[in-house]
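Let me begin by presenting the structure, written as structure tokens, before commenting on it.
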Amino acid sequence: MSPTDPLDDEDTFKILVATDIHLGFMEKDAVRGNDTFVTFDEILRLALENEVDFILLGGDLFHENKPSRKTLHSCLELLRKYCMGDRPVQFEVISDQSVNFGFSKFPWVNYQDGNLNISIPVFSIHGNHDDPTGADALCALDVLSCAGFVNHFGRSMSVEKVDISPVLLQKGSTKLALYGLGSIPDERLYRMFVNKKVTMLRPKEDENSWFNLFVIHQNRSKHGNTNFIPEQFLDDFIDLVIWGHEHECKIGPIKNEQQLFYVSQPGSSVVTSLSPGEAVKKHVGLLRIKGRKMNMQKLPLRTVRRFFIEDVVLANHPNLFNPDNPKVTQAIQSFCLEKIEEMLDSAERERLGNPQQPGKPLIRLRVDYSGGFEPFNVLRFSQKFVDRVANPKDVIHFFRHREQKGKTGEEINFGMLITKPASEGATLRVEDLVKQYFQTAEKNVQLSLLTERGMGEAVQEFVDKEEKDAIEELVKYQLEKTQRFLKERHIDALEDKIDEEVRRFRESRQRNTNEEDDEVREAMSRARALRSQSETSTSAFSAEDLSFDTSEQTANDSDDSLSAVPSRGRGRGRGRRGARGQSSAPRGGSQRGRDTGLEITTRGRSSKATSSTSRNMSIIDAFRSTRQQPSRNVAPKNYSETIEVDDSDEDDIFPTNSRADQRWSGTTSSKRMSQSQTAKGVDFESDEDDDDDPFMSSSCPRRNRR
């Protein structure tokens, strides 16, 4: 449909829908560095050409939680280029915006700000890549919101319960209730749904007249018993769900026969993992809503780098390959070379009809060498395609297929972790590795004081959010709590009794999940507070504080038996940090990257002794060591096991969750009209004008509910 289609009247919402844009992905790569920015430019251009009312993003606008200056600058540049202008906005917000955007310093929609000239508003929830972190719980979307380019909604301020208040929009006679829920850890949100702690508030008046649109960013496919959100958990009054986080493009609305709503999964706009789901052609959606009818038009993205993947099982070609043949390796290389050439030919044919597509495609040939075969040197083989593919280092991946045990063949659990190439394990999470390690570890190395879940959360904060104090603060907090427990119980100072009481206390905390959640939150808040204090104290240093000669520092540090050698012409401004010979860290005194995370001042001589003796240390010795040796450096463990996640979307059937009715009301200023709301069900009356409605072919079915 063209922008001047007669169906696009004054009563029809036109919404451009996209998710998982991942700005900044591989931005330092010489070939793929600009892919995300080019595709984001195309998405915004499609919105402008189709004259949409607004853009709806389903999370993960940024790939990194703390995007680089280049990424943030490019994003702001494109939003300013396409979303600002004199074209009037044709819809109005009639809900209480102080509730919808209450966490913002500017709690109103951006196009109603008199200081801004917005022609295409952007509404977005946050994803798991760009979620709020730090002491102030801010994310990159909050920066865009403060700048006036994005309306960040769907943020939950509580970790115990979630009340989802819709943004109520109206265009002509069409009323749209826009619900959003930013990314929450799946296991926590799953538990909230089970405990009926998630409430979707509804308009109190004229419930039947609203089209209910819900945007969510969670696991849709099953990755574990509670590590996903079943569609059956969602309220049945919803008309359409826009599901982010899953990268495979399934943008055509699919009806859930149990809940009777439709689910659209737009998928990502960039290939972030070389897995089969990413090979599906990428689209964004042009969603039209008129009354209670909707239509989703697929808009192909033409600037996405094409990705071709193919699997080869050597054992399936006994006439070509014999593992006992001394020249079988040369035969396998020739076979793989032929397969890759075929994929390159297919990529070239597709590109001939689309000049906007990048020149070098992504190629992945997965070779199953089980059956007695041996892999060859992949790097040497890949040198043949350096100038022809965008991923020359991992064109071929060798793996061995592992049989799944305990399968009946009737029902497949698509969420079980199976063997997968390490580069394809994009859905594997850090806390899963921690939990899996301690579940399979021997008894003598099992945790006896700390909890697996707490350690998993702390490691995730350290790796994903670069909270360098997360692990240390969690250990310190749980140790302090255990010590208080033992003091209150007046336990005899016998090692056996202390060990037994500590184990009992740990088991009781594991059974009480709410208490364990509180522990993790308290430890993480401590870590964020420490980081904020560190950043504040660092920024408070003046030039006078740092401008004294290093010769003075050398004299002051004589007790440490470390000699500081002043460098030529750079003696001033370095004294308090110590000489460069003490550490390889850059200027500034600490490294906060993922591989270091500990400040230089903590790398004392006692840390090595602590880490070397901690392996066989009893609990009572650990208590003593906390007073004698405050430094904690734990040698990292390497996990070489590769995990594979099946991305199939086959759903298990879950019983419908009963929900309590709740009512609410809100008041607004002259700029934001009032609207009271409730959580009762909707009576769907028969539409008498279906024959005349232009959206009949894609309309929602007529439903009768209490």
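Placement of Cβ uses the backbone N, Cα and C atoms for every residue, glycine included.
If you take the C-beta of Asp60 (Mn(2+) 1 binding site) and look for same-chain residues 6 or more apart in sequence within under 8 angstroms, you find Thr19, Asp20, Ile21, His22, Gly127, Asn128, His129, Asp130, His217, Gly244, His245, Ser268. As annotated by Swiss-Prot, Mn(2+) 1 binding site applies to Asp20, His22, Asp60, His247.
Under the heading Mn(2+) 2 binding site, Swiss-Prot lists Asp60, Asn128, His217, His245. All protein chains shown were included, and the count of other CB atoms within 10 Å of the CB of Asn128 (Mn(2+) 2 binding site) stands at 20. Under the three-state DSSP scheme, Asn128 (Mn(2+) 2 binding site) falls in the coil class.
Sequence annotations record features per position, and here Swiss-Prot assigns compositional bias 'Basic residues' to 569-579.
What Swiss-Prot records for 643-653 (among others) is compositional bias 'Acidic residues'.
Annotated compositional bias 'Acidic residues' per Swiss-Prot: 684-694 (among others), in sequence order.
The SUMO2 cross-link annotation in Swiss-Prot covers Lys255.
What Swiss-Prot records for Lys282 is UFM1 cross-link. Lys282 (UFM1 cross-link) carries neither a helix nor a strand DSSP state and counts as coil.
The ubiquitin cross-link annotation in Swiss-Prot covers Lys339 (among others) and rests on similarity to another entry. Mapped onto three states, the DSSP output places Lys339 (ubiquitin cross-link) in helix.
The DSSP secondary structure for Lys481 (ubiquitin cross-link) is helix. For Lys481 (among others), the entry in Swiss-Prot reads ubiquitin cross-link.
Per Swiss-Prot, phosphoserine is recorded for Ser2 (among others), and the stated evidence type is a large-scale study or a structure entry.
The annotation phosphoserine is assigned in Swiss-Prot to Ser275 (among others) on the grounds of similarity to another entry. DSSP assigns Ser275 (phosphoserine) to coil in the three-state reduction, placing it in neither a helix nor a strand.
According to Swiss-Prot, the asymmetric dimethylarginine annotation covers Arg572 (among others).
Residues or ranges marked as asymmetric dimethylarginine by Swiss-Prot on the basis of similarity to another entry: Arg576 (among others).
As annotated by Swiss-Prot, asymmetric dimethylarginine applies to Arg577 (among others).
Feature annotation from Swiss-Prot assigns asymmetric dimethylarginine to Arg580 (among others); the stated evidence is similarity to another entry.
The annotation asymmetric dimethylarginine is assigned in Swiss-Prot to Arg587 (among others) on the grounds of similarity to another entry.
When the Cα of Lys339 (ubiquitin cross-link) is compared against those of the recorded positions His247, Ser275, Lys481, the shortest separation belongs to Ser275. Under 8 Å, Cβ to Cβ, and six or more positions away along its own chain, His247 (Mn(2+) 1 binding site) finds Asp20, Gly267, Ser268, Thr272, Ser273, Gly277, Glu278. In this structure, the C-alpha atom of Ser275 (phosphoserine) lies 44 angstrom from that of Lys481 (ubiquitin cross-link). Burial estimate for the recorded positions (His22, His217, His245, Lys339, Lys481): highest at His217, by number of other CB atoms within 10 Å. Shown for the region 'Interaction with NBN' (87-117): DSSP residue counts in helix, strand and coil, namely 7 helix, 2 strand, 22 coil. Each residue in Thr19, Asp20, Gly58, Gly59, His126, Gly127, His129, Ser183, Gln218, Gly244 lies on the same chain as Asp60, Asn128, His217, His245 and has a C-beta within 8 Å of the C-beta centroid of that Mn(2+) 2 site, without being one of the site residues. Note: the Mn(2+) 1 site is recorded as Asp20, His22, Asp60, His247; in the same chain, Thr19, Ile21, Gly59, His63, Gly127, His129, Gly244, His245, Ser268, Ser269, Val270, Thr272 also have Cβ atoms within 8 Å of that site's Cβ centroid.
Note on the region 'Interaction with NBN' (87-117): mean pLDDT across this stretch is 90. Taking the Cβ of Lys282 (UFM1 cross-link) as reference, residues of its chain lying under 8 Å away and at least six apart in sequence are, in sequence order, Thr39, Cys249, Gly267, Ser268, Ser269, Val270, Pro300, Leu301, Val304.
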